[in-house]
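Residues or ranges marked as domain 'Peptidase S8/S53' in TrEMBL: 45-301. Under the heading active site, charge relay system, TrEMBL lists D54, H85, S250. Per TrEMBL, domain 'MBTPS1 third' is recorded for 322-452. Taken from TrEMBL, the feature domain 'MBTPS1 fourth' covers 453-717. The annotation region 'Disordered' is assigned in TrEMBL to 806-828. Residues or ranges marked as transmembrane segment in TrEMBL: 837-858.
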Amino acid sequence: MLVGSMDDFWQSNGHQSSRKLLRAIPKQITSVMQADVLWGMGITGGGVKVAVFDTGLAEGHPHFRHLAERTDWTNERTMDDGLGHGTFVAGVIASSSQCLGFAPDAHLHVFRVFTNNQVSYTSWFLDAFNYAIMKKINVLNLSIGGPDFMDHPFVDKVWELTANRVIMVSAIGNDGPLYGTLNNPADQMDVIGVGGINFEDQIAKFSSRGMTTWELPQGYGRLKPDIVSYGSGVHGSSVKGGCKSLSGTSVASPVVAGAVTLLASGVLHRGRAINPASMKQALMASARRLPGVGMFEQGHGKLDLLKAYQILNSYKPQASFSPTYIDLSECQYMWPYCTQPIFYGAMPTIINVTILNGLGVTGKIVGKPQWHPYIPQNGQHLEVSLTYSEVLWPWSGWLGVSVGVARGAAQWTGAAQGHIELTVESPGEEAGDSAPRRSTIRLALKAHIIPTPPRQKRVLWDQYHNLRYPPGYFPRDNLGNKNDPLDWNGDHIHTNFKDMYQHIRNQGYYVEVLGSPLTCFDASQYGTLLIVDPEEEFFPEEVAKLKRDVDQGLSLVVFADWYNVTVMKKVKFYDENTRQWWMPDTGGVNVPALNDLLSSWNVALGDRVFNGQFTLNENTVNYASGTTIARFPDSGVVLAFALQDQGAELLGSKTKITEKVPILGLLQTQSMAKSGRIVIYGDSNCLDNSHLQKDCFWMLSALLDYTSTGHLPSVFSDNRITFKNKNSDLPQRMEGNHLYRYSKVLVNRIGALQSRPLPLCPHLEWSLPIPLNKSAPTNLYKSQKLLSLSLDAAAEIPIWPKQQQQQLDSNWGEEDGRHATGGVASAEGGGVGDSDWWPVIGLLVVAAAAGSAAYKWLRCEARPRRRRAARLRRLMSVFMAPVV
């Protein structure tokens, strides 16, 4: 995995378009987060080792009084920071002067893993991670990331780190506002993934959004980020002293890492009850939800330092869910689930739930999870299928919840509720503690059911044939976008096709996702199959079934992209990490595979690449790196427009070549009286948020109207041309390509490519319902709590005498060493507030009064206008104007 090199690190990418009231930026992020309250209690980070993996730090920097160690893992033989990124990150965590950090008395370990050219390699990180384990680091911040969640050595080493009780905090990336842009390792369940907000508590535009995408196509992504915090216009340390302002999730991550370090130092007395899972649980349970913001933007909400401290002080080891409940009708937080009710016969709605195990690093689910429908609230109308991880390691596992509607509710409207219950068990690890520990947890479930819609209003999205990076090099769909060579956003209706999905829903269509081959759906239930930007091959059985389905009335809409073998060779690049040339295995779309699929109707696409703009029905359409139609039946309608030959330009042509080329075809098939319709368009970029310059949603609406009703809109019939099929050869697959390595369809048998055996269609086993005659709250969010304690009582914050805190400084993580199989917290030692540890009760009253007064005084009313940060691959921030 090449960990990054970008030329635009210092560049600004925005300017003022209008005059606005500029508000003062708070000088101290620690004051905004009320770290002062904990400082006043003697909690300042002492006893905690925090590591910063970044660009280094200068020796003798005046802001750091506990710099324990600097190490260099690059090939530059220096430990100094030539960029200022690492200095800033370290300052937010542990600065003790000017621009204050959260934990000034923490022991700071600086790992230089990036060169001054922002280049790093997986091997450098692996070596540095091993050293961090040996040094028994407690908290580790990674203000870096990338899309390669299949860099297995890196991912495995992150698991090993957290298994050794290292609390890892990582930035989710600066690829927002696009969905499906989470960076690794922040997308891992054992890592605290952090997104960014501005000081007006709005999600920063640059902050990447969920969901995770490594579960696609068969499954569904998990909830990420975990939490958000301030990452726009934050002040921190500069290289030579003084302060500067920085924006990005690189900033939000150390804000959380600094807060975690501070929190950990305040609960050293809790011993091994504090671990990566319990810390994450406390942050999530105490977070303040931002109104009107979806869960894939904010996770569990905004970091609340003082409430997290309250929870950690009284934390009892337990398991928990993320999200903590499922309400498929709650907008805006439960977007996209809340945008479409469920109904009988639909593809099951999949919710991928994370199980956090605060009991220990390893665990298991006892027996099977159980589904309890609530009879008074129509829970019997829901069908629930549950799959789950056999082993929870490290600190986490998963629960797959598939929700359907019972046959008896095919014409029913209303809300249905119930809950899922499971028990997590972890082994004891303390001396003399051989009894396993258990935690029983419940996941509330609520859904809105409607009668099954008519066939013509149901659209099926083909997810199975979309491939992306990782693992293979699948190039960008828009060849004009040279900043991002990889297609890595998942190509899902809830990621980079999010706006298209919302538009279709607003038009009254119901959109479902097919994560299995085309042989695995009942075409009689759907009006239109939508295939957009497919890179995968098709099984012969799929080609045959689709022909039968269209004959029986199913319509097909295909949005393609560019394909040209010579251009594919042109966009290869050399990867310094693997020391290999990366050659794409297909174009923006797999045109030869599409032509096989469409051959039954004498429809085929060509291999020339065009771009430009044209006008249709007073709408300007942007055509970005699309293909053309090579063959189409005489009975069909074909539209052509004047576009530039982008392929020739990319291959060195000095003159722009403009031609009128066919790019849109509409066909009413004639095999049977009720045969369906076929639409083919040569470019998908006008639907894709990744490259969207001007959308063509209006055209998609017109095409869906045609496929669902048979009525040909005049905007198409009035612009048809007389089309003649080309006699030239159709595009061929590139010789020597390695698509079979990543394909679910192809296999290489002794040098010969063959189709794999057609996989079995997924079959869900519905859980046996165990009905309960009980009612549930209508607002599931307010009823959920991690712990059975009140977070509103200020007296929950204890005060630790300075000398007592110092006695605990060396206790965390020293007993019994650190091993991947350990880490189970003591059930007895994890109770709420042991009196042996608490100070005089009168000090609690003083703390309550002081905390209340400090909160009111420190609350900052003047907040800044968010500035947009430059987009980076790995070091996820950009410097703003320096502040001395």
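Placement of Cβ uses the backbone N, Cα and C atoms for every residue, glycine included.
Around the Cβ of S250 (active site, charge relay system), 33 further Cβ atoms fall within 10 Å across all displayed protein chains. In the structure as shown, the Cβ atom of D54 (active site, charge relay system) sits within 10 Å of 27 other Cβ atoms.
Sorting each residue of the domain 'MBTPS1 third' (322-452) by its DSSP state yields 12 helix, 70 strand, 49 coil. S250 (active site, charge relay system) and H85 (active site, charge relay system) are 9 Å apart (CA-CA, integer value). The separation of S250 (active site, charge relay system) from D54 (active site, charge relay system), Cα to Cα, is 10 Å. Cβ neighbours within 10 Å of H85 (active site, charge relay system), excluding its own Cβ and spanning all shown chains: 27.
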